[in-house]
Amino acid sequence: MAAQNGNTSFTPNFNPPQDHASSLSFNFSYGDYDLPMDEDEDMTKTRTFFAAKIVIGIALAGIMLVCGIGNFVFIAALTRYKKLRNLTNLLIANLAISDFLVAIICCPFEMDYYVVRQLSWEHGHVLCASVNYLRTVSLYVSTNALLAIAIDRYLAIVHPLKPRMNYQTASFLIALVWMVSILIAIPSAYFATETVLFIVKSQEKIFCGQIWPVDQQLYYKSYFLFIFGVEFVGPVVTMTLCYARISRELWFKAVPGFQTEQIRKRLRCRRKTVLVLMCILTAYVLCWAPFYGFTIVRDFFPTVFVKEKHYLTAFYVVECIAMSNSMINTVCFVTVKNNTMKYFKKMMLLHWRPSQRGSKSSADLDLRTNGVPTTEEVDCIRLK
């Protein structure tokens, strides 16, 4: 079998201890990587794994705190206030929902797997498949949402005379983001399972991840290349082209006619937003490129890692760096781009000071609404 953690596969041959080989219905091997397979050699006791465990623990704790709290604040403020609702923020909300679910559901299980139990899954096959699936769906939702945001910004800035998306089109786009992500992530749940990784002092270390049969190696590699193209290379190239064209429009093209203060303010707002989005794209590439690169080398050039004792530890660190990208997205979208905290504080004040509600202006009272996204400029949030 080729074992896969997250959405990647381990292709080398692994020979489990003879006392346990008969209980396994598949051929599965880490032997080429010289992983510890007996009580005399435990990779979880090495200094390398100890350092990796600290890095992984800090990353997962950061994801749970930043993405859990930050995305909750954003979703709550977006639900409460009409002024925060436009197409861009609705797309960001989908990214926030997926990251929030990972932070509160997947990360606690992964903290237990990587840090507490040190590479041993104790929660059963169903949860193993569910956690793998949810994490993979979240990645694809994030990627597709970022791509949709880039295209939306491109159309709004480079082709301002073209009509913007209406409510029905926006709803269809959001549904498409989720449906594509849900469908192409199905193999991460279907092939997810548990198996004995190695034995330490008569205790089994249970691996949780995707395991593809040996006779389906070609299918796995084809699937991975499809994902690599559709969910990484394609979106990155498209977003880069969109932001390059937008940058030319905002920074290098002269604006005809007299520029009023309102026009200059709108231009500053658009530049600020595009800079944030470009930083998010850069962070996405820096976080996920090592993960995909590591996976390509491991699955297509396995001899590179032959006899590399700390291979698996290195992969887990690379995987955690990739997952940490969600923290960068949350910080940028919640604290930089949107003034979300200002609206969240206002919401808290309205909740804890009910006596002041009667003195609120009609503009404030109009904030609680289910209206369709508008295109006004408000604190650089509206982006026409």
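The backbone N, Cα and C atoms fix where each Cβ goes, and this holds for glycine too.
Here's what Swiss-Prot has on this protein:
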DISULFID  Cys128-Cys208  disulfide bond
CARBOHYD  Asn7  N-linked glycosylation site
CARBOHYD  Asn27  N-linked glycosylation site
TOPO_DOM  1-54  topological domain 'Extracellular'
TOPO_DOM  76-89  topological domain 'Cytoplasmic'
TOPO_DOM  111-136  topological domain 'Extracellular'
TOPO_DOM  158-171  topological domain 'Cytoplasmic'
TOPO_DOM  193-223  topological domain 'Extracellular'
TOPO_DOM  245-273  topological domain 'Cytoplasmic'
TOPO_DOM  295-313  topological domain 'Extracellular'
TOPO_DOM  335-384  topological domain 'Cytoplasmic'
TRANSMEM  55-75  transmembrane segment
TRANSMEM  90-110  transmembrane segment
TRANSMEM  137-157  transmembrane segment
TRANSMEM  172-192  transmembrane segment
TRANSMEM  224-244  transmembrane segment
TRANSMEM  274-294  transmembrane segment
TRANSMEM  314-334  transmembrane segment
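Here the transmembrane segment (90-110) has Cβ contacts under 8 Å with residues 60, 63-64, 66-68, 71-72, 74-75, 78, 123, 127, 131, 134-135, 137-138, 141-142, 145-146, 148-149, 152, 170, 173-174, 177-178, 323, 326, 329-330, 333, 337-338, 373 of the same chain, all six or more residues outside its ends.
Residues 7, 87-88, 91-92, 94-95, 97-99, 101-102, 106, 164-165, 173, 176-178, 180-182, 184-185, 231-232, 235, 238-239, 242-243, 245-246, 249-250, 270, 273-274, 277, 280-281, 284, 325-326, 329, 383-384 of the same chain sit 6 or more residues outside the transmembrane segment (137-157) yet have a Cβ under 8 Å from a Cβ within it. Each residue of the topological domain 'Cytoplasmic' (245-273) gets a DSSP state, and the totals for helix, strand and coil are 20 helix, 0 strand, 9 coil. When each of the listed stretches 172-192, 274-294, 314-334 is scored by C-beta pairs under 8 angstroms to the transmembrane segment (55-75), 314-334 comes out highest.
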